[in-house]
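Working notes, beginning with the structure itself.
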């Protein structure tokens, strides 16, 4: 990665370094657009094949549409800079680019939080979920998310440079929040907000995972006990899996989204706090790396959903779970002796 030393201090230079190629940006743009388009096709097919579309799929559809619009609005500006070999201009053009980056990033984070809360309510508080959560209320939530994100990304433009501003980052084809003094107040506020969102998403997802694991453990104990009374070892193996395919899918998907979200979001949050104590741009390479991690999240999200929706991936996840259950069931059977009644074998196991 090539980083120039004249981030904003060379007004006479307006061209991009010839060593910077358009290929990486073009490839990421293509992957993002194709991935989101395929994900939308899968969601559209699911809508027509299902009698009732769940709230979870409404949120997933909103996330995919948000990521796709972000790619279609922001990425062409970057590609145009590479094609014309001209840097992104300071002022209105840079402010618009940076505000759009913050806007779509915050929208995606809030939708991910809504997905985590939806799963937490549906599994941990099903009675409240059935009475108060529906598709109409979820659809009304999107305008509030977009409005809050719009107001937040406009704060530097309203309050002035003393509060915060957007600046170009090498290779000067895109803009984002300035993280260094004396414009650090907005970056610290942004880092605090994203940090809070990350903690909430992780907390809700971990709570869902723990609840599901407890459900699996309780179901396994109950069904293995029933199988021991019937003397059917094959039921010991299959019983834990029956009726829990959807919960297994939720567990795997939540784990993948949570891990990827942490990897992509934590670096930029950390850099905002580090940058608040610095004045120079000597660490611009680290800032740029953190920002690219954040931008990759919207590209990876649809592909995670696509891979997860394939029958092969879900079959492998279920087989892995069945294998673990089979190992535990066989270990329980081997602990009993042939001359013991089935009930005593179960107690011994």
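Using the three backbone atoms N, Cα and C, a Cβ is placed for every residue, glycine included.
Please treat TrEMBL annotations as automatic predictions, because they have not gone through curation.
Listed features, source TrEMBL:
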- 35-305: domain 'G-protein coupled receptors family 1 profile' (DOMAIN)
- 22-44: transmembrane segment (TRANSMEM)
- 56-85: transmembrane segment (TRANSMEM)
- 97-117: transmembrane segment (TRANSMEM)
- 138-159: transmembrane segment (TRANSMEM)
- 188-213: transmembrane segment (TRANSMEM)
- 251-270: transmembrane segment (TRANSMEM)
- 290-308: transmembrane segment (TRANSMEM)
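Confidence for the domain 'G-protein coupled receptors family 1 profile' (35-305), expressed as mean pLDDT, is 81.
For the transmembrane segment (56-85), the residues of the chain that approach it from at least six positions outside its boundaries are 15-16, 18, 20-22, 25-26, 28-29, 32-33, 36-37, 39-40, 43, 46-47, 97, 100-101, 104-105, 107-108, 111-112, 114-115, 118-119, 122, 135, 138-139, 142, 172-174, 298-299, 301-302, 305, judged by C-beta separation under 8 angstroms. Highest Cβ contact count with the transmembrane segment (188-213) among the listed stretches 138-159, 251-270, 290-308 falls to 251-270 (criterion: pairs under 8 Å). Outside the transmembrane segment (290-308) by six or more residues, the chain places 28, 31-32, 35-36, 38-39, 42, 60, 63-64, 67, 70-71, 101, 104-105, 108, 169, 176, 249, 252-253, 256-257, 260-261, 263-265, 267-268, 270-271, 314 with a CB less than 8 A from a CB of the stretch.
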